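J.: Just dropping this structure here.
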């Protein structure tokens, strides 16, 4: 085992291709241990603080179960039940919380919040989701693709839907891991250039036609049309995105062995047809489970280094 200095995971670009190669293989090993009921407690007596400003099912469950399976335990905090919701400065909260725990996961709104927190933390901080990025989910998605089809390098991932935190994280992943990213969204919901790194220009292709975006894709993926915090726009978004539902016709334009993914929760009949998400090309349940395994690998790496 090798040690590593304090490292945060705030966006996908925070790690190198070499680190991702290690993490993805480590997730495979930890998943095998989980399936074989092997005890592995490298984080014995370590504490994870989970801070939630946004509600969650999969994020809380996967992190809480994951730290337990690694021998540690979790403490849940939300803004309703802590001083974070009563105006305590983020910098002060980071100083205090990071003196009492070993690692911190935050699910919040603006990326600036988690960046400020990490800047004053004495322990690793993990992005459990922000408005801008969702790195743990895309890490799970990449792992799922590799598990099902092998290397993602040189492949094409098609994103059909909103320019949200998942889309921006996929762009970073394409740059880091060497695949092409097709993006298609209706007018008015295009990518923010400020969140698209110049280094990813060679991997990104933008399409007006979602069918065209799916052509040649090895993976087609999407997300809800209305993310948390944008509920007031829901009806307008439904009208704008009605031609951006992932359909069997879109999957037929992709590669014959293409997969479908969705980070969940899904709305059948909106961003995806039931026939697609419940069909043979969908791997959404493996994708959801794999949050557990990649996050275990991530926490182990941030606290213990490489094994």
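Note: Cβ is positioned from N, Cα and C throughout, glycine not excepted.
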J.: Figure out which of 165, 243, 290 sits with 223, 227, 228 in the L-ornithine site per Swiss-Prot.
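T.: Of 165, 243, 290, 165 joins 223, 227, 228 in the L-ornithine site that Swiss-Prot records.
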J.: Secondary structure at residue 223 (L-ornithine binding site) (DSSP, helix/strand/coil)?
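T.: Coil, per DSSP.
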J.: Please report the Cα separation of residue 227 (L-ornithine binding site) and residue 263 (carbamoyl phosphate binding site) in Å, rounded to an integer.
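T.: That separation, Cα to Cα, works out to 12 Å.
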J.: Between residue 291 (carbamoyl phosphate binding site) and residue 223 (L-ornithine binding site), what is the CA-CA distance rounded to a whole number of Å?
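T.: Taking the Cα atoms only, residue 291 (carbamoyl phosphate binding site) lies 16 Å from residue 223 (L-ornithine binding site).
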J.: By CA distance, which of the binding-site residues (56, 134, 136, 263) lies nearest to residue 228 (L-ornithine binding site)?
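T.: In terms of Cα distance, residue 228 (L-ornithine binding site) lies closest to 56.
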J.: Which one of these binding-site residues, 228, 263, has the sparsest Cβ neighbourhood, judged by other Cβ atoms within 10 angstroms?
T.: 228
J.: If the L-ornithine site is taken as the center of the Cβ atoms of 165, 223, 227, 228, which further residues of that chain fall within 8 Å of it by their Cβ?
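T.: Apart from 165, 223, 227, 228, the close residues are 129, 131, 134, 162, 164, 166, 224, 229, 230.
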J.: Restricting to the same chain and to sequence separations of six or more, state which residues have a Cβ under 8 Å from that of residue 58 (carbamoyl phosphate binding site).
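T.: For residue 58 (carbamoyl phosphate binding site), the qualifying residues are 264, 288, 291.
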